[in-house]
């Protein structure tokens, strides 16, 4: 029942986006005949709309564009489609599959005169009379309807020329009859100016903010188009919208699109531009902007970067800012009821804006334009790639799923990076010096999935630009042993990201934190790196001591900032290395920077509790001094899973040696199992060191051999023909034996005993090893026994503890 209610509310909140079905709304289809002023409908649809063959119709497309055409019937056209060629589609700013509306336009007059101009790059090098060759045959006996602002293409004399209708009399549309005067004198129109108007932003150029767009539409379009609605209900239409969100999510873009689509007068104020050095001038600039807008109502005033001109008045020391804020307040209250002026503002720091501006009646609607989710990212990618040539193997959905935390701007950068990579591959065929590029090369360009993969490896979400994170290329294979721990970690991070529905089903929020502890050199940091790489989440690594700075209160601010960034780029793994440096037990250290360390811990504790459950942020801590860590941070709900990472046992040691020597050539007689048996009590780092040293010895021998051979060659040139094989093809047994002479244990038995004791006490104080429910019947107790026993063994490797002493 509840879910039904929610979905109903969703429908209402986006109700304004739904297309109403009317008989005159048709879907654009490719035309068969190439005539620029003909659209064709099915006969049934023409009867329904009461149109006749040869009638003039008015077509309305996107971005308030309209044009006039002649309608003909076409039997092959289905009822809900309309056929038009590319020229008409461009004039309406629509693509195939978009929806346009069509209505009869009976009162089109014959034109007295029209003025058309060619577009410069299509008439280069044409000699002769444009009018005679192109325009006269095009308009002769055709009675074409045209509209001011249309562009049409005329073929003739071996090439095609594009013309733009600059003026018609009577305006805005007329039919070109035999006695209409056609002017085509004047400077040709530059293609750039045309392209700019073509590239205006519309609603369909914005992806990933469907709900917010609906809110904005009902705030802007309803009052501007149908003010009577609000009068009938008896409320004042809302007047201010504040868009806020992280940079790059499309706040300014939305405002532009609204301006283009509503056709209202649009007045852009860039925040800092208003400021002036003369006293009183800044305020008068603001007043002028509002007066201008009221004259041209309905109008939209858009203030970009609002936090520059309306900061909190208590915080600013400048007199000017205060006066500007006051002026803005009075102006927004003084907008007359009748004047349909809407004020929109954008900022990415909504909390630094004066609170008086955020009350109802000024900026009464605050629309949070957040970081898009996977479906939103897919929409954005489709918009950015709709003009790109994509190869067949490109799977945009997968790209959308992998780009966690990317905003629209990052995705745009990603697409252009992929396209550049595609061009680089063809670089050997392109010569920069040439005037033109081969058509073959141009046509063979296409962006493949590999290009996207490459771009993905290059791109970081902009929320994480400062804490730039190299995602390490370490996989689970690089880590020998520790299988239980690996599984725990995968469950911790991957389940909430990949199966959120399961958590909903069982009604629990996933746990958010893990603490690794154990002797140094056992792979705690390595595990965190591997998890960052394996589960497509973003990864922020925080080295403990970095957080502390000399300024009072700055260390805590650093903590806050890091958690904010992680929330913005969710799903995200926060890895605190050397946690003991920032989370010491409180109260012991007196006089350390005025107790700065204590305050940092308090900040971390509050942040960990305040992780809103919606965001997937995981915290992993690693330390080798678990005894001095503040107990408050170890409670369930913060770092709730304490995982002891012991020294590797024999099985794990074999796995570690194999993982280390995966890429090395080793001779057959090296018995790694025996090596593992002998190196009891060695940590993972010690084993790695043995492998490195053996490798180094082999390299040394190889180099010495080469030098010796070079000498022999110089003394005895006749022996050169004999091609000898590589003297040291692989790491031999004696290299390992030599390396073992230098091997040492980095962790003494004493240390290990400490860790063991700690793990033991934790387990006793925390867990009930022998807990059973009282059995009502024998069948019920069986499975629960087994599972609880297994669980205990998993977390603290009880079975492996004995091997540590050997």
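Including glycine, each Cβ sits where the backbone N, Cα and C put it.
According to Swiss-Prot, the protein has these features:
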MOD_RES   3  phosphoserine
BINDING   247, 248, 249, 250, 251, 252, 253, 348, 384  ATP 1 binding site
BINDING   521, 522, 523, 524, 525, 526  ATP 2 binding site
REGION    708-727  region 'Disordered'
REGION    768-806  region 'Disordered'
COMPBIAS  768-778  compositional bias 'Low complexity'
COMPBIAS  779-794  compositional bias 'Gly residues'
Quiz item: Relative to the Cα of residue 524 (ATP 2 binding site), which of the binding-site residues 247, 251, 253, 384 has the closest Cα?
Solution: 247
Quiz item: For the ATP 2 site given as 521, 522, 523, 524, 525, 526, which other residues of the same chain have their Cβ within 8 Å of the site's Cβ centre?
Solution: 516, 518, 520, 527, 622, 645, 684, 685
Practice problem: Mind telling me which of the binding-site residues 249, 525 has the densest Cβ neighbourhood, counting other Cβ atoms within 10 Å? | Solution: 249
Quiz prompt | Neighbourhood of residue 384 (ATP 1 binding site) by C-beta distance under 8 A, where only residues 6 or more apart in the same chain count | solution = 411, 412, 415
Self-check item: Nearest recorded site to residue 251 (ATP 1 binding site) by CA-CA distance, among binding-site residues 521, 522, 523, 525
Solution: 525
Quiz prompt | Euclidean distance between Cα atoms of residue 525 (ATP 2 binding site) and residue 253 (ATP 1 binding site), Å | solution = 42
Quiz prompt | residue 523 (ATP 2 binding site) to residue 247 (ATP 1 binding site) - Cα separation in whole Å | solution = 38
Quiz item: Among 247, 248, 249, 250, 251, 252, 253, 348, 384, which the record lists as binding ATP 1, how far apart in Å are the two most distant Cα atoms?
Solution: 23
Quiz item: If one measures from the C-alpha of residue 247 (ATP 1 binding site) to the C-alpha of residue 525 (ATP 2 binding site), what distance in angstrom results, rounded to a whole number?
Solution: 32
Quiz item: When you tally the Cβ atoms that lie within 10 Å of each candidate's Cβ, which of the binding-site residues (247, 521, 523) has the highest tally?
Solution: 523
Quiz item: Name the residues of the same chain, 6+ apart in sequence, whose Cβ is under 8 Å from the Cβ of residue 522 (ATP 2 binding site)?
Solution: 645, 646, 647, 648, 683, 684, 685
